[in-house]
Amino acid sequence: MTVTEAPRPPKARRKPSTPTTSVLFDVPGPRARRRNALIGVIGTVAILAALGYVIYRFWETGQFSGTKWEIFAYKQPQITILEGYLNTLKAAGIAAVLALALGIALAAARVSDRAWLRTPAFAFVELFRAVPLLLLMFLFYYGAPTLGFRVSPLWAVVLGLTLYNGSVFAELFRAGIASVPRGQSEAAYALGLRKSQVMMSVLVPQAVRAMLPAIISQLVVLLKDTALGFLVTYDELLKQLKQLATAPDFEYPLIPLVLVGGVIYVATCLLLSWFATWVERRLARKGSHSAAPTMHGDVGQQMGGGAATI
Amino acid sequence: MPTLTDNWDLFLEAFVNTILLFVVSGLFALIVGTLLGAFRVAPVPALRWFGAGYVNLLRNTPLTLVFFFVAFGFPYLEINFSFTTFAIIALSSYTAAFVCEAVRSGINTVPAGQAEAARAVGLTFFQTLRFVILPQAFRAVVPPLASILIALLKNTTIAAGFSVAEAGSIRANLSELGYPALAGLIWVVIGFLILVLPLSAAQRNLERRWSVAR
């Protein structure tokens, strides 16, 4: 809430200035503003003190020593980090394509008129959204050899991600189709279109538009979840960082490596998220019907590892 | 079947630890997350920025990296706790970011007109809060909070990768004893289905019933 220049009575007309505009408090009057300023100062001091303590801890335990950070100046560590990052992107890329394909197939089965297609698809989606993603990866990596075939770490990660995210995508597509106003399909049927035609030329295009932002934010989750690959020995970014952290020549630079790794992940995810917001805004401008995903979709999904419901 | 019956103790202990991790981290996440959510709608910019910074940082970091930082990094910073405590710190600080967002957007789903109307009919600030805003915000918040908690329950498995003896670690313990990995894993999966499916069914039910309200 921006503060206007002159103190105004609380009843003054106000417009929702920031998206965080809240119904919880009025436009502050002079006294409230003095109080807020005081809380602001105290809050800032407390936050700075906490951050200062963290930095002090880092400094005291020698995390800022030159030797520890020197690791980034050498070519081999740089290549190792880059390789890890590329492996992360590779797993995410393959899994994204496969999960979208699986999602489309499952969604098609779930909106089918035939119960023998609908019911198994429903069970499949429910099952794979309820099982922790890491366990799925374990099943492929450690479990499959019991049955006599080996799955490489990459494919354990990819298959786990595909099954879980495919199920989530299926629900997203289905929700998208359900969000199209009923009059649309009624009108299409009235024109004499068959069910497949109604789907393909009326419902699906609108559903995809409505769901695109949610799909992209689920892709962010998928990307984040590739980090689980570290636990099934896939050579992704985290595993490479851990390997580098054992270098005694650089005084075991785990903390610098984690910080850099965090920056890489946050930057990649933020980039994708911004893309999602951009798509959302573009779609909204074109005047489509409510393209905004529900708030549940917004928060529940982002969590990865698997929010069970959308 | 013998994989389960022979190792009943192991499974029981592991799932008890899973539930313990879930309950304790869930509690911390709810407390910290609500506090951060309050920060994000506070009239004080510094608090809002802090809340936003925390949420954006944690939400865009993989939970595995958070675990990595806490479990492997803290000892370097000479902060030493048990692995279980580390797991609780990682799980609750990560989950708190999502709780914060749920709380914030829940409060924001209440249209400003509601508060204005409440004040117009002469309710005091606390009456407005008590009778008009909080009941509506609560309804909007509970379903997403439930799905966040379900995700937390599933995410506890990651602790296994960081030396905590919970359900995700059963496989490693069993293979040391020479049992086939697949059977052990399938029992763990069934255990999780028993825990998660009723929760998500209840959550969906709640959402369906409450979404009619507005």
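Glycine too: its Cβ is placed from the backbone N, Cα and C atoms.
Among the features that TrEMBL reports, domain 'ABC transmembrane type-1' is placed at A:85-276.
Summarising the annotation, TrEMBL assigns region 'Disordered' to A:1-25 (among others).
Under the heading region 'Disordered', TrEMBL lists A:290-310 (among others).
Nonlocal intrachain contacts for the transmembrane segment (A:37-59), taken as residues 6+ away from its ends with a CB within less than 8 angstroms of a stretch CB, comprise 255. Taken from TrEMBL, the feature transmembrane segment applies to A:37-59 (among others).
Per TrEMBL, transmembrane segment is recorded for A:91-109 (among others). Same-chain residues lying 6 or more positions outside the transmembrane segment (A:91-109) and placing a CB less than 8 Å from one of its CB atoms are 117-118, 120-121, 124-125, 154, 157-158, 161-174, 177, 215, 219, 222-223, 226, 229, 234, 236.
For the transmembrane segment (A:121-142), the list of distant contacts is 106, 109-110, 112, 151, 153, 155-157, 159-161, 163-164, 166-168, 170-171, 225, 228-229, 231-233, 304-306, 308-309: same-chain residues at least six beyond its ends, Cβ to Cβ under 8 Å. The feature transmembrane segment is assigned by TrEMBL to A:121-142 (among others).
Look at TrEMBL and you will find A:154-173 (among others) tagged as transmembrane segment.
Per TrEMBL, transmembrane segment is recorded for A:210-234 (among others).
Per TrEMBL, transmembrane segment is recorded for A:254-276 (among others).
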